[in-house]
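Asks: Please see the structure below; I have some questions.
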Amino acid sequence: MSQIQHAALDQQGRYNQICTRGGSCPPPADGSEPAHCPGHRSRSPRKKWQVFPGRNRFYCDGRIMMARQTGVFYLTLVLILLTCGLFFTFDCPFLASNLTPAIPAVGGVLFIFVMGMLFRASFSDPGILPRATPDEAADLERQIDSAGCSRPPPRTREVLINGQAVKLKYCFTCKIFRPPRASHCSLCDNCVERFDHHCPWVGNCVGRRNYRFFYLFILSLSLLTVFIFAFVITHVILRSNQTGFLGALKDSPASVLEVVVCFFSIWSIVGLSGFHTYLISSNQTTNEDIKGSWSTKRGKDNYNPYSYGNILTNCCAALCGPLPPSLIDRRGLIQSGTPQTVSQSNGTSNSSYASTQLHSNMQGAHP
Amino acid sequence: MATEFHNLQELRHSPSLVTKVFIQRDYSEGTVCRFQAKFPSELDNRIERTLLEETVKTLNSYYAEAEKIGGQSYLEGCLACATAYIIFLCMETRYEKVLRKISGFIQEQNEKIYAPRGLLLTDPIERGMRVLEISVFEDRGSGGSSPSSTMSSGSSAR
């Protein structure tokens, strides 16, 4: 028997299905030793984020992940920090002494909450679906090819969800049929569950796992912007009672900059918060709303099958529902022989596909 | 059916993988995690239908419990929001607790039911919750030399 097989039990008691290749197909990089599997043979074990196939950037040894383009995120950070910094430095002393010290306290709490939510939304996994292993991809291909004799073979599946027909599309990059509400982000090159949109301001996709952080970020940011705007105006008015309007502006020039930034921000951010509040209450994603997936314009019987029926339940489900864990295991160690995704190790995929193909030939007619 | 031929140690030392069978997700109830209860035909003579269906049903109930939206999940969500999600540094989410229960369940099912029949379940979380992967090993009891020789001749022909 020329086949080398072994299944190893790793430390956590999980089974890794490994080499089923024979000695006759030499692995590309490893030379002629049949006991080693192709892929990573570096002495120090590498972590999975280092070989992640999407276009993401990882920091802090895989703990932090963001999109590739992060320029606009730094702009967001600078705007928030600059405006809040100016507010606390120039306006708060006057307001604390003349009105109440609760103003900088509340401002401080809002600021910390805004930054916390921003970092959570930017640095966490939005709900990326890992790409299919070679065996899965081969199995799906077989099912698709055997499904119809027409060319090209159908790459969609229809599913009935709560009485509404939903089409599941096949993703050519990830080699999977996308779950409902998932979409492939072309900027990050990943399929994301419950894909909302790719936000450059946050520097990440907004999906199932970080939507609530994104929403709380824009909500608290709109509160903070309104707060700063209101109290800077109050500060200028109180000062102009003492020294006249132009005198007030001369005494605190930073206030002008803050008012300008806040004025433009309020229009955009409060508007965005309102839009997302509407989306949450109707349990839709930005993606679905833009495409008009559940709009009655498409058909009289078209409705949103994911909505729970009432606004309160939809809001609670979106904001207080269970938080699923990340599916991509960024900081796990790569074990040699773990099924790699289809973008790598073509040797393994060929041999396992060959073995499944031969098996299906042996079995005869495949349903 | 070879019930005593295989155990986990035997599978560890010298198994030969014949094929992998994938049970896909069932999206008929929305985006909640459910696996199809349809019995794959490749496993017809390897395991009783009811055993596999029971396993899949139990798995589905675990996932439904993890994703249930009710009093406990609201409490957890509000508490987490109030502490700016710092509480998750010390506490495990309910979903993670259920996932640990699921891996224990799969391990136990493998030991008791699947390994003696030359099958192995892979925890869906290791496949991104896309599929329930069942690895089918050579059935020693039924003269297993033919699949491997066919495969080796196939691979050498490449």
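Cβ atoms here come from the backbone N, Cα and C positions, even for glycine.
Pasting the relevant annotations from TrEMBL:
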- A:26-46: region 'Disordered' (REGION)
- A:72-90: transmembrane segment (TRANSMEM)
- A:102-121: transmembrane segment (TRANSMEM)
- A:167-291: domain 'Palmitoyltransferase DHHC' (DOMAIN)
- A:213-237: transmembrane segment (TRANSMEM)
- A:257-281: transmembrane segment (TRANSMEM)
- A:337-367: region 'Disordered' (REGION)
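Set these features in their place in the structure for me.
Replies: Under 8 Å from some Cβ of the transmembrane segment (A:257-281) lie the Cβ atoms of residues 79, 82-83, 86-87, 91, 214-215, 218-219, 221-222, 225-226, 228-229, 232-233, 236, 289, 311, 314-315, 318-319, all in the same chain and six or more residues away from its ends.
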Asks: Give residue numbers and ranges for long-range contacts of the transmembrane segment (A:213-237): same chain, 6 or more residues beyond its ends, CB-CB under 8 A.
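Replies: Those are 80, 83-84, 87, 91, 94-95, 99, 103, 106-107, 110-111, 113-114, 117-118, 120-121, 124, 196, 199, 202, 206, 245, 248-249, 252, 255, 258-259, 262-263, 265-266, 269-270, 272-273, 276-277, 280, 318-319, in sequence order.
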Asks: State the residues, same chain only, that lie 6 or more residues beyond the ends of the transmembrane segment (A:72-90) and have a CB under 8 A from a CB inside it; answer 'none' if no residue qualifies.
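Replies: Residues 66, 104, 107-108, 111, 114-115, 118, 122, 200-203, 221, 224, 228, 231-232, 252, 254-255, 257-258, 261-262, 265.
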